[in-house]
Amino acid sequence: MMNQTFLYGIPGSTVKLIAMACMFIDHFAVIFLEMNHPVLSSFLRSIGRIAFPLFAFLLTEGFLHTHSKVNYCRNLFIMAILSEIPFDLAFRNSVFDPISQNTLFTLTIGLLTIWAISLIEETTQKKGQKQYFRIPLTLLVTAAGSFAAWLFRSDYEFYGILAIVLLYVLRTRRMAASVLSCAVLTLIGPAESFCFFSIPLIMKYNGSRGLKLKYAFYLFYPFHLLVLYLLWHTISI
């Protein structure tokens, strides 16, 4: 009999498609509208703030359900590298600019961080003295991941890592995890407050995968950046 949970809410593929759409709107606004239409650009970019919390949530879900954490991390890292040139072209008009790295690097660092936290959880499951080491070790790993994102200047920096960690460690309390992760992101600036609109979507997630879009985001991310850059470059000629 079909799991009743899957009959209600929305599957992961729908959440992913919504996140991709919000991200596309955001990037379109940055590239085409920010200079000449700042008000419209600001509105569209606000919609874009919904994307990262959704991707962060899907990252934690993917980590919990993947058959191979090694392959999951490897694929994400490879696509982060391949996406860097399109990212720099789109936002810096340069083949490489060290001032900022793309979001996939943030997600990769976040994935490594929650992986380390999961290993801490596994080794401290037994009751006793080891239990006291879980919180300080988790904080230490989180600090290391946050520092790496800040040092590497990946998109969302340490705020993104903290959001991912909160979504993972509070995974059994989805509402609290979502609210706290979004609260962390708002520390970046007032515009990030629109990220709270991601919470209803996260809460409606029903635990099913939906359409098989395993590599959709990996391919869409660099491809849409490259297309937007080429289109902007063509129009600007």
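From the backbone N, Cα and C atoms, a Cβ is placed for every residue, glycine too.
As written in TrEMBL, here are the features:
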type: TRANSMEM; residues: 7-33; note: transmembrane segment
type: TRANSMEM; residues: 103-120; note: transmembrane segment
type: TRANSMEM; residues: 132-150; note: transmembrane segment
type: TRANSMEM; residues: 156-172; note: transmembrane segment
type: TRANSMEM; residues: 179-203; note: transmembrane segment
type: TRANSMEM; residues: 215-232; note: transmembrane segment
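Only residues 6 or more beyond the boundaries of the transmembrane segment (156-172), in the same chain, are considered here, and those with a CB under 8 A from a CB of the stretch are 52-53, 56-57, 59-60, 63-64, 103, 106-107, 109-111, 113-114, 117-118, 138, 142, 145-150, 178, 180-182, 184-185, 187-188. Sequence-distant contacts of the transmembrane segment (103-120) (same chain, at least 6 residues past either end, Cβ-Cβ under 8 Å): 52, 55-56, 59-60, 63, 69, 72-73, 76-77, 79-80, 83-84, 133-134, 137-138, 141-142, 144-145, 148-149, 152, 154-157, 160-161, 164-165, 168-169, 221. With a cut-off of 8 Å between Cβ atoms, the residues of this chain six or more beyond the transmembrane segment (132-150) that come close are 105-106, 109-110, 112-113, 116-117, 120-121, 124, 156-158, 160-162, 165, 169.
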